[in-house]
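I have placed the structure first, in the form of C-alpha cells, so that the comments after it can refer back to it.
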Amino acid sequence: MIKVSNIERFATHDGPGIRTTIFLKGCPLHCPWCANPETWTLDTILMHDEKKCVRCHCCQKVCEKMAIDFDPDFKINRNLCDGCQKCMDVCIPEAISFSGKEMTIDEILEEISKDDAYYKNSNGGITLSGGEPLFQFEEVFKLIQILKEKGYHIAIEITGMYNLNVLKKVEPYIDLFLHDIKHLNKEKLESITGASKEIIFNNLDYLSKTCKEKVIIRTPVIPGFNEEIVKDIILYAKEKGFKEVNLLPYHSLGKNKWHNLKKDYVYENEKMMDKSHLSSYTELGKELNICVKIGG
C-alpha cells in the first residue's frame, strides 16, 4: 500500500505535456514555506477550515476518542485522533477533511490510465511529488517499475534527502529529475529545513556524473532565506553540467493548509514574489549558456 495525499489530473507543469501528478505522503524536511505541509507525516491527518466551520459541534459529538473540542474555536488533539473520519462524514459545510489515503498500486494505475490518450497526444506522463516521493521507497519503487513497463514518461520531484543506494536503484527508470537546491550553506540549510547538505550534494554529484541531461535544478526563491544566493546556485548548476535551472518565486498558496493544520505560518505577512523580480537571472543564464526559467 502507498500513502497518497492527492492525485492531480491534467497538470501542465512539473514535466512536459499533460500529466497526472501523484502527491505522496512523507517528508524528512520541514521547510517553513512548504505548500504541502500535510504531506510531512505518513499519518492520515485531519485538516479543519475555520472559514467554513459553523460551530455546530456535530464533529465533537460523534468523536468517540474525544479528540475534538471547542474552546471556543475548534481544537484537535492529534494524539487521540485515530483517523476514523466520522467527524468528516457529519460535517455538513465540509470544514473537515483528511489528508492521506492508502492506495494499492492497482488503484493508482486505474486512476492514471483515465488520461492515457492525453499523455500520448501531448508527450506527457506521470509526475511523482510530495512530500518526498522516495520516502516510501519500497512500494513507490514497485510503482515506478510498473509505470516504466507500461511506457509512461516518469518525472520525479525530489528534495535530495534520500539514501544514495535508493537513487542508484531508481535512476534508470526515471526520465526527468526535478531536483531541489534550497541553499548552499550547510548551517542555514540544516537549521531552517532539517536537510543534510552532505547527503543532498552527494546525490547531486552522482546525478551529474551519471545522467545530468535528465536533471532540472529547482530552487524556491524565499525572501530572507536564499534570495541573495540565487546566482551562486546557478553557477553551481553550471559547474556540475546541468542544463537547466527553474527558479520558483515565493508564493503563499499553501498558507490555508497551515491554518487548516492549526500550524503557525512563518510567512503570514510576506507578499507573493512577482516573476519580474527574478527576470535578470534569465539573462545570466544566457551569458553562462545554461537555461534559466522563472517557474517550472
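These residue numbers are counts, starting from 1, taken along the chain as shown.
Placement of Cβ uses the backbone N, Cα and C atoms for every residue, glycine included.
Copied over from TrEMBL:
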DOMAIN    13-287  domain 'Radical SAM core'
DOMAIN    44-73  domain '4Fe-4S ferredoxin-type'
DOMAIN    74-101  domain '4Fe-4S ferredoxin-type'
Under the DSSP assignment, what numbers of helix, strand and coil residues are found in the domain '4Fe-4S ferredoxin-type' (74-101)?
5 helix, 8 strand, 15 coil
Which residue counts does DSSP yield for the domain '4Fe-4S ferredoxin-type' (44-73) in the helix, strand and coil classes, in that order?
5 helix, 7 strand, 18 coil
